[in-house]
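Participant: Can you keep this structure in mind? I'll have questions shortly.
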Amino acid sequence: MNASESCEELNATLSAYLESLDSRQRQVEEIRQLHHKVWAMKTNHAPIIEHRAGSRVEKQTRICPNDIRSDIDFMLEVNNVVVFAKGNGGICFQPTSRDGYFGRILISDQYRDSLMIDTHLKAIFTESSLKRDKFSNRFVLVPNVFKQNVVRESGLKYQQTKSPQSTGPSIPGRGVVNEYDVVPCLRLNTWPEETTTWISRGKPLSVFDPSWRKKVLVASPVFLVAAGEINSCFQKEQFRTSFSMPEIECFKKLPNLVRQLFGLAKYVFTYLLSSVGFLSWFHIKYLLFWMVEKDEIDWNNISPVCFLFHLMDSIKQSVRDGNVQHFFLDNCNIFPEHRRTYEREYAYDQILSDKQLVTECLKRLLRTELLETSRTVMASEFTNTESRLVSSNTYCDGYLTRLLSVIVFVWQETSASEKMSSSFAEKILEDCGVNEYTRKLVTILELYFRGNVPGKLSLNSLAHGAFLAYMQGDFAVCLSSCSQHVTSTCVRDDDCILGVTLTRYDRTPHLDEPLRFALDRLEQKFGTCPRVSLHPLFFLKHVLLQCELKKRDNGLKCLDTLFSDLHGFSKSLSPRTPYCGLLSYQAVAFLVIEGYNEYFKRENIDIRLYETDTYVKLDISLTPATCSFDLR
């Protein structure tokens, strides 16, 4: 096979891979949107409006290199505070640079007094967050104090991993499952006047046409985020304009192929260039937007390899010129000149000139994602890609289980208020009923919310019904559910498997020792009690074993058989669903098995014990964070 044929083969495989990957991401998009909506119901605090930003809501096709975690981006807007883009209002943005990118937020004495007595806002606009400006008769909002106050008042639960930096807008951290990038912000009352060229420069038949730009101008807000300009004397007092919402609209306007190729470009950039520490993905994203706007290319038919090579040339030119123009602000160069060194320039030039390196990077991606083998694979071996991709019949199960988990958790939190709990239940049932995937949750949710037993029993309804009865100490109902389905160890391919959720609210006297052991060990690992999902059939088998332990009528032989069956089934469970790693069905099941081992040893019950796989020994750094969108 010659080089041209090999490239065609690689392009065809990449196109099939991206289409399959993207279609699955779009399938679960509404599930994830509802997940976020439910979570926002829990964290809805009067002074804060929570926005999602970043690659997920931009609908980039997400592909993460190994060991690179996919974080979740939140923008926390302070409600009922709008900053004037110019003028002398009670609170206004005063640019400190000609391009309007950076500036300070100035507040009048009268407006300051009103903020500090407002019931919801006084905890954000504190004495320490406002200092008298020596250049004007006003107060300056102190960015770092503002950021900390907003995060504290938002109620967002996560562990901060870094101290806030004056040059960065976010307060990064991590939750039990994912990394978080949290950005407090304030809304501008209008787009800056420095955006007039962006509004008018679109061509009628271009991707970003003029009529679309006018709609974005009206519908998408511009925020101010706490970030200072390198080497500026005002650095610790500065905010900068953020166009994260218009950027989301740009991605919505892109042709599907280009949106998918953005994800591929991000993978290649992260894999090859992120360690150099020069340009960030933010710079590359704007270069890509400029490519789409300026270059006369048929974006609906460009090949993946050609797209990447074109981008590489654009990055090389940008580094040589020291120029990355802001996509929205006029005459605003955001090139990171302070990071420029000979070594970094040389590394970029060498890597971006080596097109074979990019090709090998793409082949490595396909090997990792599709073949799961370390052997050398040529492009010709990637034929029949679609047949290697898993069926999507049960693809959404993990995402539905995650959604069910957060719904149950928030419902448990609101149960203290009957009115709030009823309102929450009605809203969730309505939202779940509109999508073909989330509709699968309705029967189970009615079981939780209303106690409605479905007419047609399934593994899911039996397991969740048994769990609710079990946590109330009603073993008769549990045994009835178990006897109807526990003997069936296989489920039809088209069945949706919804895990049983275990949370900190289930730490009641009815919670047995093995389940409590699993929760305790995971809490030790993560510093908080995570929401745990048990495979429904595993839970039913567990209940049978618990019932046998309580009665002990049949001697040790029956107990030994049930424990052996539970252990054998746990080995067949997925280590990747509903999360990869320590919150997977398999890992949680192994922890329950360890809990049984501890119990049997302490009670001197003489039955065979089972060693579980070493990766659930929690001293190993195995995290459940999303590293890539799993096709395996």
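Backbone N, Cα and C define each Cβ position, glycine as well.
Quick paste of what Swiss-Prot says about this protein:
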BINDING   Asp71, Asp73, Asp181  Mg(2+) binding site
BINDING   Asp295  Mn(2+) binding site
Participant: Just counting, how many other CB atoms are there within 10 A of the CB of the residue listed as 'Mn(2+) binding site'?
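Facilitator: Here the count is 11.
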Participant: How big is the Cα-to-Cα gap, in Å, between the residue listed as 'Mn(2+) binding site' and Asp73 (Mg(2+) binding site)?
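Facilitator: On Cα coordinates alone, these residues lie 30 Å apart.
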Participant: For Asp295 (Mn(2+) binding site), which DSSP three-state class applies?
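Facilitator: DSSP call for Asp295 (Mn(2+) binding site): coil, neither helix nor strand.
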Participant: Reduce the DSSP letter at Asp181 (Mg(2+) binding site) to three states and note it down.
Facilitator: strand
